[in-house]
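Visitor: From Swiss-Prot, for reference:
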type	residues	note
ACT_SITE	His11	active site, proton donor
BINDING	4-11, 123-126, Val152, 160-163	ATP binding site
BINDING	Gln34, Gln129	(R)-pantoate binding site
BINDING	Gln34	beta-alanine binding site
REGION	1-243	region 'Pantoate--beta-alanine ligase'
REGION	244-480	region 'Cytidylate kinase'
Amino acid sequence: MPTMGGLHQGHGELIRRASEQGPVLVSVFVNPLQFGPAEDFDRYPRTLEADRGLAECCGAHALWAPSVDAIYPSGLPSAVSRSAPAGLQTHLCGASRPGHFDGVVTVVARLLQLVEPSCLWLGEKDWQQLVILRRLVVDLDLGVVVKGVPTVRESDGLALSSRNQYLFPADRARAAALPAALRHADPSDPESSVRQSLAKAGLEVEYVERVDPRTLQPCGPETAISLLAAAVRCGTTRLIDHVFLMTRQPLVAIDGPAGAGKSTVTRAFAERMGLVYLDTGAMYRSVTWLVQQNGVDHQDAVSIAPLLNDLDLQLKSLPGGGQQVLVNGQDVSDAIRSPEVTASVSAVAAHRCVRQALTAQQKAMGAKGGLVAEGRDIGTAVFPDADLKVFLTATVGERARRRALDLEQRGFPVPERSELEAQIAERDHLDSTREEAPLVQADDALELVTDGMSIEAVIDALVGQFRSRVGEEAWPTPAG
């Protein structure tokens with residue numbers, strides 16, 4: 001957990017959260033490379049003994065306060081060895097503090113090289129820094145998991161900061177106007193309304209910007225989840241803060257071919273993030289089962305259409321993450337996973353009447369967000385405006401192995417591996433070439449190939465992508 005010292009209860013919460021996962025090393029290093037010529041490097045709080053006490057009290061296993069020579073053995077003039085991505089620092093603090101984030105990525109890369117941690121814990125208060133360091137870890141392929149922790153605030157909403165101790169009493173009273181202005185921003189014109197509120201409170205505005213939380217590029221009201229961030233000067237103290245603006249709750253779309261493990265990981269991901277799980281595959285399987293039960297030819301759309309008129313299809317979550325599927329009051333949870341249903345579901349799902357009926361139902365269920373759906377065309381046809389789109393896939397051989405294991409566990413006969421591979425390849429062909437809503441990766445979807453990945457690793461990857469778009473403060477992880 002990298003810090004510059006001057007620890008407070010915001011750092012304490014980081015330490016407490018991190019200590020639940022394993023031993024915690026807190027570093028204290030006032031990095032000269034991230035201060036501009038006229039900034040507060042010389043007066044930045046240096047309270048090492050108090051920092052040690054707070055870190056120990058909150059559960060840290062060790063505190064490390066390296067010297068400048070230890071971090072930059074070649075000396076400061078040649079120390080800046082990395083640059084933050086230009087696109088991530090053209091707005092917000094990056095625009096007004098040139099070189100700041102280059103200094104941040106340089107020191108954090110050095111710390112990670114020296115410590116080799118499994119996890120990097122950071123506060124969400126400086127969201128731009130969090131985004132940039134997430135990119136650093138990916139670009140360097142360090143295999144480090146980046147965890148963000150929500151901003152800790154005073155009772156009046158002011159975000160805890162080491163620099164808050166600079167505030168004189170009168171300034172401290174005015175500083176509370178920053179979180180209040182962000183919290184009460186006018187949805188029709190949030191930037192202007194915040195600027196007006198801050199100016200009225202006597203705060204000097206450095207910037208107020210609305211950006212995409214992941215790209216940090218300006219965005220407008222058409223973006224369902226955006227970041228409204230501001231920096232001000234209150235007296236001689238610089239303060240930053242942000243809020244998430246959400247026109248609806250988060251919406252996640254997970255697509256991919258048959259046997260890629262979508263249902264398993266999506267269900268677990270939904271439970272971990274507190275999202276409703278929508279298994280669209282189960283919906284199409286349910287209609288296929290109904291077609292077979294009524295003796296209707298699965299190729300005959302005209303005969304299938306009347307079955308949809310009075311269809312009562314319900315998906316119910318069960319304790320422990322399971323799901324019950326009811327068709328016209330009958331529990332078909334196991335029946336829809338049979339080889340017979342599997343063999344015909346692609347053909348049934350290709351009928352326009354079926355897709356239109358189920359897509360309309362799915363859109364209605366996701367209108368308010370707070371949902372993760374998996375299927376074949378979620379990110380392209382059902383929820384093209386999803387905040388996160390993932391195309392989950394695996395090789396045919398890997399999917400055949402998983403299918404064999406699933407059939408065995410459900411008590412069905414298991415065909416030869418070559419036969420399963422042929423079935424899966426044929427299913428891929430049918431799904432990707434059908435006229436109505438074919439299986440295709442959305443242009444803005446992240447492809448995740450899961451060969452060799454454990455279920456937990458796939459879920460962690462999904463959580464990481466979700467958190468790069470939606471902060472903990474905006475959508476808290478459920479307790480437990």
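The backbone N, Cα and C atoms fix where each Cβ goes, and this holds for glycine too.
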Visitor: List the same-chain residues at least 6 positions away in sequence whose Cβ sits under 8 Å from the Cβ of Gly10 (ATP binding site), in sequence order, or say none.
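Guide: Listed in sequence order, they are Gly123, Lys125, Thr151, Val152, Ala159, Leu160, Ser161.
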Visitor: Just name the winner among Gln34, Gln129, Ser162 (the binding-site residues) by count of other CB atoms within 10 A of its CB.
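Guide: Compared across Gln34, Gln129, Ser162, the most Cβ atoms within 10 Å surround Gln129.
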Visitor: Any idea what DSSP makes of Met4 (ATP binding site), helix, strand or coil?
Guide: coil
Visitor: What is the separation, in Å, between the Cα atoms of Gln34 ((R)-pantoate binding site) and Glu124 (ATP binding site)?
Guide: 18
Visitor: In sequence order, which same-chain residues at least six apart have a C-beta under 8 angstroms from Glu124 (ATP binding site)?
Guide: Leu130, Gly148, Val149, Pro150, Thr151, Gly471, Glu472, Glu473
Visitor: His11 (active site, proton donor) to Ser162 (ATP binding site): how many Å between their Cα atoms?
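Guide: Distance between the two Cα atoms comes out at 10 Å.
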Visitor: Would you mind pulling the DSSP three-state label for Gln129 ((R)-pantoate binding site)?
Guide: helix
Visitor: When you rank Met4, Leu7, Ser162 by Cα distance to Gln129 ((R)-pantoate binding site), which of the binding-site residues ends up on top as the closest?
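Guide: Closest candidate to Gln129 ((R)-pantoate binding site), judged by Cα separation, is Met4.
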Visitor: What is the average pLDDT across the region 'Cytidylate kinase' (244-480)?
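Guide: Here the predicted model's pLDDT, averaged over the region 'Cytidylate kinase' (244-480), is 93.
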Visitor: Can you see whether DSSP assigns Ser162 (ATP binding site) to helix, strand or coil?
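Guide: Looking at the DSSP assignment, Ser162 (ATP binding site) belongs to a helix.
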Visitor: Within 10 Å of the Cβ of His11 (active site, proton donor), how many other Cβ atoms can you find? Include all protein chains, please.
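Guide: A 10 Å sphere around the Cβ of His11 (active site, proton donor) contains 26 other Cβ atoms.
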Visitor: So for Val152 (ATP binding site), how many other CB atoms are inside 10 Å of its CB?
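Guide: If we count other Cβ atoms within 10 Å of Val152 (ATP binding site), we arrive at 19.
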